[in-house]
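Peer 1: Straight out of Swiss-Prot:
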BINDING   604, 605, 606, 607, 608, 609, 610, 611  ATP 1 binding site
COMPBIAS  39-49  compositional bias 'Polar residues'
COMPBIAS  103-113  compositional bias 'Polar residues'
COMPBIAS  114-125  compositional bias 'Low complexity'
DOMAIN    570-786  domain 'ABC transporter 1'
DOMAIN    942-1003  domain 'Chromo'
MOD_RES   443  phosphoserine
MOD_RES   1191  phosphothreonine
REGION    1-49  region 'Disordered'
REGION    103-125  region 'Disordered'
REGION    1137-1166  region 'Disordered'
REGION    1177-1196  region 'Disordered'
């Protein structure tokens, strides 16, 4: 409540003396008293309001009088003639312009008028409107337009609108050009003025809706409808709901007229211009809704072409001062940005949009971007999002030196990943000044140096690429020139719709834009449909569109792919298609073209969709691919057989549906031709090694007499001799077309005639083998060198191993081990002995089926030897990546990688270790657990309940045993030898595993954020690790999951069985560098000589059940792009001349340093006597005898 000495405004005004010159209005406010004016009607003393009432009555302004006024209006051109009427003697003072200031003036204290126009105001706006209409040029629809302001109901308005549309339907008027000629947009702009009656404004929207419906389906006449969008959007902010609804209907009708590509290239720029204008915020909200609808209705690849123009405008809207508009603008921008398919950026879209809206988040955003391993190709849409943030970071005065360092690194990385210079051309002028500023002003030399490198990359001159070479994307000018050149050749018959518009600039511009965008996204089918609709549906016009337009455009885009000549070969496949997996688009509107007898190498990064493409072909799911009756395809891949594993080889192949008519003799002959003798054919499928299983698949393909062989990593499990055989087989059969996915560069060099490369969701074709491809595309040099420039892996350092102070001490050992599988006639391994240290870099080599994997399984404890013993340090942790990576995750396809790792280690132990054969408790061993033993401690026989502790005892350990039915205070410490002697070896081993795992996990937090960081360290993107089920991952991504799982508990030894099988070249290089720089021991089985030769100085040759250890003088570090690391573990020159393991009798190889014994006096006398006698003996020896060395060792 206000203090009493103050009055509210109403009380204050009531207390004021009455002004004789002002008269109160019943609607609020005051009118000037006409009696106070010299030139007014002073004959009456009534109030101004009463005077107005009398004026209205005297002017016959009742309904009947107004109708009379309307009826007389048609006889006059404007309101100036109204001064001839007797009842309006005073009306000539206004001349149709409303009240003059001398007769009506709003008082300073008069509140604003309501939104509802008074009768006089409506009359005034109608007067103004009709005057403007009369000043326009006369057109066939002028008379109908002029009657709309006179209509009393919406029905009357619709009748006039119907007449207007009928006028468009008359011969000669049915072209959209009449919209411009009759200046309909100008008329409607006057209709929607706020002072006009709502009926007139609503009629304007109905005219737009009806015109849009009339021209719908008549391409390219919709080009003339574009100006109507601004008129309709302006009316969205109208105060009358009927007008708003009509405006929304008009916008929907307009949008329905345009084809999809026109929405993005023609309509969207108009909406963006409207958003940049000074329109009302309600109208801009409607414009954002139009943007959302275009986003929902259009293809993503078309929308990506608009990012450069759309993102800045939508960012401005998202930062508008009007809260409602800014909120909707932010949502629209985020949804718009999210259509971009970029795995590197997709987890950070929200942060990017937040940064665009709020510049204070630039440091956080730059820090996040600097931690991204950019792998996906960088395109114009990606740069449209990142360049504004990077540019702001470069120019902010508050940017720290660390932030500038991160920014210039991101700029350099992005620029290097741009395959097409045109993608970044428009952004270089934005980035150059900021980078140059950092070069000139940065305080740290390191930042200046990095900025200099980024500057050089930005300024790189690529004139060689520009010389007479198509840039890969049509510009609008090029599209226009192409259209005009080909329109000259058109046969304009009666069915050709475009004939009247061939010289019309509006239509030419419209068609040029559509031709350009459809060509740039390679959507030839949609472009052909549009041009056919424009030029007519006759056979001659269809042929003209297909040959003159589509064929010539495709030739322009595929210059490097020569079309078939007589001597090139027979074309067997030529189809356009798109390929998606789940929600991810792998290939978008690309072309697959195969020639008979050619061998195509399919190259691309992990997850690009190489195997998915081949599987789609094999399953008949690829659009346009010939059916199996026309073209036989056979998909050859290495796969695990489940219930079929117990079948013999002939029966296994005979089960194939396509080989039902093939005799068993023919099957046996085919198997014999690929190396299966009678003894091998008698084996079961499950007993075959990986290499023989692959040969089995190849034999099946031969029997099917396939026209196209689809080979997915055919050399993965083949030894050198079998790879040679496969190469010769493919080279000999020139009638078979092959599509090959392989990361073996030597194999691709030998067999390929063409390379198909994945580039920005398209298939690019290169003639020649892999070497020729690298010459044409130097950035693909990673196929010949091991580099981590495109992908990185980092392994956690191994933990401390108790008692092992030297990296050359043995930590795992096999002694005289013999092993044979159940039912086998001869042992797989016989009398094998070997040992490993923390510095070991061992390659296990040998032919398929020689027993390499068996040796590794025995060493890691997956198998138990029949004879001999396998010993290892009790705390030794081994990370094992099996030959078939899927076997680790086969039962967890529904889990994400993050969830799988949590499951695997949630109880502190590695669950995969517990599944090994050496850890499983047999029935006999379970029975033994109930056996009571006596350890001679005076308490008699007792049964063991569990082992609960461990401590050192001499050169071994003793274990704390909890006895069944005895309290913990009666626990006993029992030596390991005693427990093993009584048969509790697996119980001891289980506890050792638990202790080793606990020690390794001591520094690990099993929480999602830490696990995500661990996956990123091994090269798996966080988005995939956290949100993609394992069943949806590619082979290369699954291998990374298995590697991450094996490395989680910081192992000391890493055992890799065919690690290169599923990895692409980038990931292979990253793995090689990670192994080289890791400080633990490594054992690997691999037929990849390049990989093994660059890493392993020691080799174990396994053949015929025997193993031979062999050392090499040096490793070939030239395979690494960075020249190698001479200081890497296991590769130092000092280690090459001697074995990597110092052997002794201890399983843990913990040598105890002997303490030097002090000699007694008698011992010293005896020592001196020995030395004297030795010296005398030397003096009496022949001349030239070397002097013996004094030593305390009696034997010496």
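Every residue gets a Cβ built from N, Cα and C, even glycine.
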Peer 1: Cα-Cα, whole number of Å: residue 608 (ATP 1 binding site) versus the residue listed as 'phosphothreonine'?
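Peer 2: So the alpha carbons of residue 608 (ATP 1 binding site) and the residue listed as 'phosphothreonine' sit roughly 70 Å from each other.
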Peer 1: Among the recorded positions 606, 1191, point out the residue whose Cβ has the most other Cβ atoms within 10 Å, with all shown protein chains included in the count.
Peer 2: 606
Peer 1: Under DSSP, is residue 611 (ATP 1 binding site) helix, strand or coil?
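Peer 2: SS state of residue 611 (ATP 1 binding site) = helix.
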Peer 1: When you average the Cβ positions of 604, 605, 606, 607, 608, 609, 610, 611 for the ATP 1 site, which other residues in that chain have a Cβ within 8 Å of that mean position?
Peer 2: 586, 612, 758, 1034, 1036, 1064
Peer 1: Mind tallying the domain 'Chromo' (942-1003) by DSSP state, helix then strand then coil?
Peer 2: 28 helix, 24 strand, 10 coil
Peer 1: Cα of residue 604 (ATP 1 binding site) to Cα of the residue listed as 'phosphoserine': how many Å, rounded?
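Peer 2: The Cα atom of residue 604 (ATP 1 binding site) is 42 Å away from the Cα atom of the residue listed as 'phosphoserine'.
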Peer 1: Inside 10 Å of the Cβ of residue 605 (ATP 1 binding site), count up the other Cβ atoms and send me the figure.
Peer 2: 20
Peer 1: Within a 10 Å radius around the Cβ, which one of these binding-site residues has the most neighbouring Cβ atoms: 604, 607?
Peer 2: 607
Peer 1: Which residues in the same chain, at least 6 apart in sequence, have a Cβ under 8 Å from the Cβ of residue 609 (ATP 1 binding site)?
Peer 2: 579, 581, 586, 587, 758
Peer 1: By the count of other Cβ atoms within 10 Å, pick out the sparsest of the recorded positions 443, 611.
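Peer 2: Each of the recorded positions 443, 611 was scored; lowest Cβ tally within 10 Å is 443.
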Peer 1: Any idea which of the binding-site residues 608, 610 has the thinnest Cβ neighbourhood at 10 Å?
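Peer 2: Comparing Cβ neighbour counts within 10 Å for the binding-site residues 608, 610 gives 608.
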Peer 1: Would you kindly give the Cα-Cα distance separating residue 443 (phosphoserine) and residue 610 (ATP 1 binding site), rounded to the nearest Å?
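Peer 2: Cα-Cα distance, residue 610 (ATP 1 binding site) to residue 443 (phosphoserine): 48 Å.
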